[in-house]
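S.K.: What follows is a structure written as structure tokens; I'll ask about it next.
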């Protein structure tokens, strides 16, 4: 949920005054775009009411509306819906609005109009726009094309002025800015079958007392004003009571009056200072049909007919704070017929005696009003907590290369405006760090626009960035600066890097790059452009990008936070106590005394060197390592009496984002971070039989994910021709295919099914045929796309993936070898590694290239629980560790990789000192260990954090039967992305304990590695290779016997690994899946064949002969309490399958087999589990006690009576003995 806030600060005699924010829900009217797909180029019109368009079947003399036959959906900008609106007011919006109409003008052109003329044909009111610029609203501009004689509408915030599809539709049209109609709204939620709405926050103009810094206080003391929460009588039909602020500055929709104050006092003051004490948030006041309540903004997320009324103060989200503030829980109480009230702390006996009951809801934490003095709270900041914002720290351009830094400098240079040279010519722009002065003319001046000129791969981690060009229009003979060509015939030169929007994650103060015009001269400026207006320039209305103002730079650097990098995971062996690694040389190199559970000697450290002589930021690694001749390591353990045998502690190596991408030359590009939005150029054009494969993750909130194969070498995005365009539109079920040859031809759009899912990994492959492409998704053939036009012209030389997915690797498998020298495709050296592991594994890859083969065949065998080893050959030893690095790269030819989908139907095996992977997203799936964690054991999770994550959690449970919300949790790890930059740790033993905190090294939209290591009296948690916290035991050692885990909320879990100090006592059981993908090509070209074996363990199991999907499981009903329960699949070991059902603790649980057949004896403890057998002679049928089982249903009843459905008449219970059979007559009680 997005809130737009207007800050209004008054500083008067040491008093900071912060205004009250009013929150209001606004219902919006979406604007739909309709396109005439037959027009070349495509034309579009805009309507705000979808049925209205279809009702206009009549043909105007100037305009045939029926020809606009393609609905492009609604735009990002929306009008205020016409609900209770007047001349200049609508929905109580606190600013002046103006009406907007759909009209057809005298020339027969459809457009929006705020003041229709008498000659205009008014079709209907479209909605309302705000008349003034307010933060949170977007400018709504009108553009006109002379070529097309039509109007189009968009906002002035985006540099290309149109969305991607609109820009393609209008690629050959030149639209000129006409006017700004007003300011439009954007939606924060688009629910199904509900109104589209936005939440708007505005300053009410009334001062609210906040932090007062008295001259008598020390610099570390702050005063916060407090205000009590009042009981409020809501004057509705039943006159129920609520709670909220006593001073209501605005009249609510239903009037209310105060009764008396509670002892709950909220804080008001400088939130940036207050947030240094602990996790705080705004407390809001809500109202519904009958009540007035308080809570944080997320407390009504799923409530209906509940509205935000006003902001009333700050409260803490937990009882922990760093300054000793006596926080009390804000408890909610309720009395039937009266309503709600609240109390701070445990003193509520008088309310209980008067008929109130605790609801169990803890709204937040604040102080008791009795803790204040004259309504003020004085807080002293302890040593070590800075009260100065990091943005006020004086930064210099000198960075120490030996120490890591969170603040980095980004190299920028100003755009210089260049006039005609003496020999004639046109005015242009110049920025080039390699040349001291421009060579094309005289410098007229230096603009206040500074562009980034460092590596785009680094600055792109701050937000959406692209190369910005100076273009020369070959037709109209003028220069202009932009991120895109707007379909013009141009020549271009890259002059820097700019952002597409003003949003960034590095704390950079971005300003719009505004375009101004005078006498065929186009110039750019930031927010300060008055001097150009005075010189006769006019604003064109175009914003061509976002960058920094030169006044914010210092010595050609601007400073911001280091963006979070993608990480690749490597493992290094834990140091063993008194262990030796020996080679032929017997000399001792190093002796170390490091606790493996505390510090990892092999963790890579990073430094960020930067100097004026080398302005480009680079990442270097400084491994703590020595020669590998002989290493004698002695481990001194100060607090735990155990010896760590070889295991794995994850380390994290950042992708080298400073290197430009190499050309893809029949190899793989990986370890360069997210390749989304980066053009991957090929060393040679694609040939028949070549296969391009990409892998990665699809965002959980993705709306579109797109893949293009471009024609030509070194193509340009939105300019060059596209041979095949693959577009996944997640609002629909399929994939759209097309091509782009100067324009989109929607008549050639085709479709296929989509095997991918949001939030999960994917594998997408495209194989080139003679006159077609074969497309594979997750191992399935999904589309044969015929090449359109002359095949000889489709010389594909690059690929480009963009929009809402991550691209981790791009690989090309070629049908024939190329003679070119292959450069290393990754910045990491190819290594052959020998290391100590619990069990030996040998992996080899053999390529057989026959003389003739017409079909590229690839066969891959995967073992889901065995790790993939990327080295060419791996051997193991019980006491050695050595690494040999080969700096050379040889040219090899491989064939298309298999695209094996994850086996999402296979039950998850027990984690037995191994790795669970290839089971899709393990989120919400219980992972049960084969034994309790022992001292020195390490559990490691790898995965990906969603881009829109609000919370990502992991629970490590007591025992082997994790019940979410019930089973004890010795270690709970919570990342709350929307409210804190910390990680929260806790335990659950019937109730939550006190919270602990650490820094958070993870970032939304990036991969992560998190590990938990057990010691004698604590659990140590590592994140991306860093020790985050030493979390001491809560309770006894027996209360910290971790045997299972569940990860939940917004993340993707790819692997869960367990590294054990003691080898497993039972052979490792591996569940295997085998998939063979054969792309069929109707070509006579000679293609090689490759057989690849992926690393497997040496123990395999007999394939299961019974299908787990053959059992029909009953579902629970909606009664309270339930009578019928869910029957749930449990574990499967191949020859057995567990089924369980769970009910209330004091109820009896019954199971029914097949159709009205008795099941096992009932149980009284609320949990019933059985095991079905799949015997060798059962012919693929699950059995229980020799009986064939096809369906199972579960029921519960109070144990004190026989409570079963009336349709049960007589029930056969299972055979209890060979000679006895029990029959019970059950009736409705």
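Including glycine, each Cβ sits where the backbone N, Cα and C put it.
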S.K.: Among 1034-1060, 1061-1087, 1088-1114, where does Swiss-Prot put the label region 'Disordered'?
M.R.: 1061-1087
S.K.: Could you give me three numbers for the domain 'Galectin 1' (678-813), the DSSP helix, strand and coil residue counts?
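M.R.: Counting residues by DSSP class gives 6 helix, 78 strand, 52 coil.
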S.K.: Check each residue in the chain of residue 701 (N-linked glycosylation site) that is at least six apart in sequence and keep those whose C-beta is under 8 Å from its C-beta; list them in sequence order.
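M.R.: Expected: 758, 804, 946, 947, 948.
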S.K.: Considering every residue in the domain 'Galectin 2' (925-1059), what is the mean pLDDT value?
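M.R.: Averaged over the domain 'Galectin 2' (925-1059), the predicted model reaches a pLDDT of 88.
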S.K.: Counting Cβ atoms within 10 Å across all protein chains shown, which of the glycosylation sites 691, 948, 1146 comes out on top?
M.R.: 691
S.K.: If H, G and I count as helix, E and B as strand, and all else as coil, what does DSSP give for residue 370 (N-linked glycosylation site)?
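M.R.: DSSP assigns residue 370 (N-linked glycosylation site) to helix.
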S.K.: Within 10 Å of the Cβ of residue 370 (N-linked glycosylation site), how many other Cβ atoms can you find? Include all protein chains, please.
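M.R.: Counting Cβ neighbours of residue 370 (N-linked glycosylation site) within 10 Å gives 11.
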S.K.: Work through the glycosylation sites one by one (538, 938) and point out the residue whose CB has the fewest other CB atoms within 10 angstroms.
M.R.: 538
S.K.: Counting distance between Cα atoms, which of the glycosylation sites 691, 938, 1146 is nearest residue 370 (N-linked glycosylation site)?
M.R.: 1146
S.K.: Whole-number answer please: how many Å between the C-alpha atoms of residue 938 (N-linked glycosylation site) and residue 691 (N-linked glycosylation site)?
M.R.: 39
S.K.: I want to verify one value. Collapsing DSSP to three states, which class is residue 538 (N-linked glycosylation site)?
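M.R.: Note: residue 538 (N-linked glycosylation site) is in a strand by DSSP.
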S.K.: Measuring Cα to Cα, how far is residue 538 (N-linked glycosylation site) from residue 691 (N-linked glycosylation site) in Å?
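M.R.: On Cα coordinates alone, these residues lie 52 Å apart.
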S.K.: Cα of residue 691 (N-linked glycosylation site) to Cα of residue 1146 (N-linked glycosylation site): how many Å, rounded?
M.R.: 61
S.K.: Report the DSSP secondary-structure composition of the domain 'Galectin 2' (925-1059) as helix, strand and coil residue counts.
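M.R.: Tallied per class, the domain 'Galectin 2' (925-1059) gives 4 helix, 78 strand, 53 coil.
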